[in-house]
Amino acid sequence: MRNFISIKELSKEEVIEVLDVAKELDNADSKERRKIMDGMIMTSIFFEPSTRTRLSFTSAAYRLGCKELGFDNPEQSSVKKGESLRDTIIMVSAYSDIIVMRHSIDGAAKFAEEVTNCPIINAGDGANEHPSQTLLDLYTLREELGTIENQKVAFVGDTRYGRTVHSLVDGLMMFNGQFYFISPDVIQIPDYILKELDNANIKYKKLSNYEEVLKEIDCLYMTRVQRERFDDINEYEEVKHAFRISKDNIVGKCKDDMIILHPLPRVDEINIDLDDTKYAKYFIQARNGVPTRMAMMALATDAIKSKVKRKEMNYEVVENKEVVCPNNKCVTHFEETKNRVVKKGYGDFCYYCNREIGK
């Protein structure tokens, strides 16, 4: 049994194994594939709205022969009555062979892991991480570009709150990626992520426009500006239309084999006139969520046995009840946690939401 909480907890070999298993399952005989998780139950608990992630996990479960329980509206669950996340996870575990959870609180998935032995897949926790999106992004990059080694990726839009950006950066770090973060200052990439990149000697630049790097990059990764992450509506209004791309500013101005990805949903950041160009891979990317999530579920439950060694985390974790995470959207402010702190050579970080302590 294993959990998929953070892409940081996977080794390069484990990532490659997930992608290889996803490819095998995508090409497998459907009748044989339905035997893999026959008799198992997946419970999906979504505390935030979702279309692609929730439906692709459901599709993945059915294709593996797995039954599904769950909710996608916490208003229709005991959460509305005041039930804690701790109690929700404990109860759901009693009915499940695997839990898929999305939550609005940063670090919720890491906390859930502490209170159950049931395998958990993090389907997005606030502005923190989204490992299943990262793995399907890596799968798409490998399928479309032939490799995920040494790719130059420009992240455009909301790099501050974009959990898909944060997780994909962590994933591509293993493969010597090079990054461009293109955002208005108010939604630019957080310093705690840049500290990780600096420590790993990964090349990156913060820029205010994407045009200057179109001839260099292998992938243009667009994101929407997320209204739900802003406390100040005025900040959102100032930046919500910061970047828009169309045929006029892409075709003939980028590398011939560059691809455009987007975790979706899009608002107006990608004009539909790009949809039928060779650069647009975002709908293929969304489709790739099914085989990737099949692989994650099968490996998490040991329905398919992993053949690679589990990554050993080489940092110290301590419990410190006196430490307060500076992120007011961290699970430590909503649940009774063990208040763990990760001690690294370049700083102390919240075990749950990854924010630097003391910043």
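Quick reminder: no glycine exception, Cβ is built from N, Cα and C everywhere.
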Point to revise | Site co-member for carbamoyl phosphate according to Swiss-Prot, given Arg52, Thr53, His130, Gln133, Leu264, Pro265, out of Arg33, Arg102, Arg160, Arg244 | key: Arg102
Practice item. Could you say whether, by DSSP, Arg102 (carbamoyl phosphate binding site) belongs to a helix, a strand or a coil region? Key: strand
Revision key, fill the gap. The sparsest Cβ environment within 10 Å, among the binding-site residues Arg52, Lys81, His130, Arg224, is found at Lys81
Point to revise | Inter-residue Cα distance where the pair is His130 (carbamoyl phosphate binding site) and Arg163 (L-aspartate binding site), in Å | key: 6
Practice item. Would you please pick out, from the binding-site residues Thr53, Gln133, the one with the fewest other Cβ atoms within 10 Å of its Cβ? Key: Thr53
Review point. Among Arg52, Thr53, Arg102, His130, Gln133, Leu264, Pro265, which the record lists as binding carbamoyl phosphate, how far apart in Å are the two most distant Cα atoms?
Key: 16
